[in-house]
Amino acid sequence: MLYQGESLYLNWLEDGIAELVFSAPGSVNTLDTRTVASLGKALDVLAEQPNLKGLLLRSDKPAFIVGADITEFLSLFAAPAEKLHEWLVFANSIFNRLEDLPVPTLSAINSYALGGGCECVLATDFRLATPDARIGLPETKLGIMPGFGGTVRLPRLLGADSALEIIAAGKDVSAADALKVGLVQAVVANEKLIPAAIKMLKQAINGELDWLGYRRPKLEALKLNKIEAMMSFTTAKAMVLQTAGKHYPAPMLAVKTIEAAATMTRDEALQLETQHFVQLARSNEARALVGIFLNDQYVKGKAKKLVGETPVPQQAAVLGAGIMGGGIAYQSAFKGVPIRMKDINEKPLALGMNEAAKLLNKQMERGKLDGMKMATILANIHPTLDYAGFERTDIVVEAVVENPKIKASVLAETESHISESTILASNTSTIPIAVLAAALKRPQNFCGMHFFNPVHRMPLVEIIRGPKTSDSTIASVVAYASKMGKTPIVVNDCPGFFVNRVLFPYFAAFSLLLRDGADFREIDNAMEKKFGWPMGPAYLLDVVGIDTAHHAQAVMAEGFPQRMAKDYRDAIDVLFEHQRFGQKNGQGFYRYQTDSKGKQRKEQDDAVDALLKNISQPKKAFSAEEIIARMMIPMINEVARCLEEGIVASPAEADMALVYGLGFPPFHGGACRYLDTLGSERYVEMAQQLAHLGAIYQVPDGLQQKARSNEGYYPSVAPHADVSHGQPA
């Protein structure tokens, strides 16, 4: 043993070849600050070995290096800019020393080499990969860019176009694709990886391979003439602007970094990369996107812990073959849980099966599955008009019309056809579980399971614990949701649960703005273009359905009369009365036409202005900032109330529910992260200026207390101790 660190060790192999093995405690290797420092110490040891002829990098884990340790990011980014800059210079000096070793170097990549793991292997002369390997740089998805030389080495190895595509999109590529673009020299079976690596190193040592020739391009300027450079970078910037937009600065800055560094040597280019990395790392967007990653890990970890040893339901059923029922049936069957789809008429059953077939055909067209797999999935959906076989189901999801009497009747009837251990769940979006449970003999086996539309695309499932719901029921439903490929978040019972409860004050704010003379198109524009929602409130209401929103609004008003009841006719009332139900009948706030691809495109409809004139004050211009404040404060206030009442357990779960269920702009990180970025004190001041507009603008007590203490929802992060040259401060 030449060197033993916490997360890597150094050994002699044979004939002057040393191996550096990444071997972190735990199940995966990450390139954290300690590992980087340890790599530096290993290189110190290698520098003292006169007989060194070659170096092999490998992992003793199932994956090479899965990336940097993202749990360190927020504390690293909290460090003063100059300290973070110093640490990156120190870290890059280590990768440069690896790259500059006076002997050939090779990385044997098994499974994942992502982020810092990819940047590490780029510093070696050769790379071999197993067939299952994935190699890439996902940093821009976290609001940052590669910081260990990725923007420098990858373009010089692959050429600008391939590197720009990987870096700007935060992509990883398969071993086969890596071989095509020249990222690896060969793809080798797992059991032959190390022998092949040693053989290749020996060829380099013996002069059969020009290892310095492989290394040289990484140290020099990019091989591009002016016209090639202009075409590559202009195209890349246009693509980034189209896909990432202005709210996500990392991809564009990464492209501009590569462009500016194209004529530089390695060391000059690294200085620019470091400067731009620090700029991004200290941005609100990076904090938000890293926060989402960590919150996602927390939510999924909590679900896994909650399930424990609970078995996944093996047989399911869904009541109702409408849009939601059909979507649930498709998703269950697609993920391997056979499901009975019951309805009272043949027509909806046929529509449900056709919808499933249509979704599967799209997967076939994309090459995601073959005809045999498609047939198997469709065979796992059993359309039925009766309860035959329901006694063998483990879980039944009710997805009939959103009417408490109808739902209660269907649930009670179903309960008489299932076993005593079968779980019943309702896909209600607003009706309290306690209300529906009153009709059941076994309320302990009942809970809410709220899917979002379209089911196959939306990642969130809100699981609602009723007053009598048992822990084992929740565990089984969480297990089923996870098996379906969804992110389950457990909330407590109230009208609207969590997501719809916080959505309707937002819609109420929209109605108030219209009443006060705002143009709904300007509101949509501000909320989409400026704030970053995928749809503004008018467009969202059209997609949800004006009739659905009108009904849900009444449920919410009954549940929370102080805040959500209104004493005036609003735009939703008017459109509902004129049977403008949104996309479902082609007219709502906008008019809809189906394009050649079958997608509905919205168009302006001047008739709406005439309808809304009677319930609105004369037209008045509002700034984007005014619109955003008036729209977002009621939603954030309701999120705060839900946290204070224990409807949702944590800021992390609240934020992920909003991102995954409503499309809350990820670069804001969710309502709690957004509030923390604004500052609770500033937020309360903004809300107080609008308090005259009504109860939805009243800040709850707990949030007022946070403002007085200048606290946020997330704990403040102390700067990382290891940013001073990789050592504990």
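Backbone N, Cα and C define each Cβ position, glycine as well.
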Among S429, S476, S482, indicate the single residue that Swiss-Prot lists for the NAD(+) site containing M324, D343, V400, V401, E402, K407, N453. S429
With the cut-off set at 10 Å between Cβ atoms, which of these recorded positions ends up with the most neighbours? Options: E139, D343, E402. E139
Within 10 Å of its Cβ, which one of these binding-site residues (N453, N500) has the largest number of other Cβ atoms? N500
How big is the Cα-to-Cα gap, in Å, between M324 (NAD(+) binding site) and E139 (site 'Important for catalytic activity')? 35
Just checking, which of V401, S429, H450 (recorded positions) has the fewest C-beta atoms within 10 Å of its C-beta? V401
Rounded to a whole number, how many Å is the Cα of D343 (NAD(+) binding site) away from the Cα of N500 (substrate binding site)? 26
If you measure from the C-alpha of N500 (substrate binding site), which of the recorded positions E139, E402, S429 fall inside 10 Å? S429
